[in-house]
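Chemist: Features from Swiss-Prot:
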{"type": "ACT_SITE", "residues": "T5", "note": "active site"}
{"type": "BINDING", "residues": "S161, C164, T167", "note": "Na(+) binding site"}
Amino acid sequence: MFRGTTIVAVRRGDRVSVAGDGQVTFGDSTILKHGAKKIRRLYNGEVIVGFAGSVADAMTLSQKFEEKLEQYGGNLKRAAVELAQEWRKDKILRKLEALLIAADKKDTLLISGTGEVIEPDEDVIGIGSGGNYAMAAALALRYNTDLDTEEIARKALEIASKICVYTNNNITVETL
């Protein structure tokens, strides 16, 4: 099974950045790819998603989410709830193993296959194998520096890559 992803989203004021590392790991010991892109812009560039979990599953869910965004006119929360409901109820989708972070100019959401759509209390959220490390680093940087969201997200992933063996420092960042 493919694994090993770290995604972090950081919001400050009217800016949000979502960053992901580039490592794809097969099993527990083989790195297959160093430069995978796990961050995508959807809905005419107005929404950023980052995904963690099985690569094929994450891509499938990202495509489904894009369909929901189109169906609901770019309404992030509505599209997320509809995706989560379909994900939980559909016999095939229910078996997919992935998490999504989705962000637009107003909201940041975590979407899971168990039907949860969570808006974090803090303006930072992390997922994947190094997600907790990246989230902790991003929170510290957000509250103790004047760095912008892109710099915070990038530095948080750099820190996570020094701790988590499934995370590398080939980082992609998208900002709204």
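Heads up, the Cβ atoms here are built off N, Cα and C, so glycines get one too.
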Chemist: Report the same-chain neighbours of T167 (Na(+) binding site): residues 6+ apart in sequence with Cβ closer than 8 Å to its Cβ, ordered by sequence.
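Modeler: Long-range Cβ contacts: G4, T5, T6, D21, Q23, G128, S129, G130, Y133, A134, L157, A160, S161.
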Chemist: Rank the recorded positions T5, S161 by the number of other Cβ atoms within 10 Å of each Cβ, and give the residue at the low end.
Modeler: S161
Chemist: With the Na(+) site defined by S161, C164, T167, which remaining residues of that chain have Cβ atoms positioned within 8 Å of the Cβ centroid?
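Modeler: Nearby residues not in the site list: T6, D21, Q23, S129, G130, Y133, A134, L157, A160, K162, I163, V165, Y166, N168, N169.
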Chemist: Using Cβ atoms only, which residues of the same chain lie under 8 Å from C164 (Na(+) binding site) while being at least 6 residues apart in sequence?
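Modeler: Listed in sequence order, they are T6, S129, G130, Y133.
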Chemist: Which secondary structure state does DSSP assign to T167 (Na(+) binding site), in the simple three-class scheme?
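Modeler: Where T167 (Na(+) binding site) sits, the three-state DSSP reduction gives coil.
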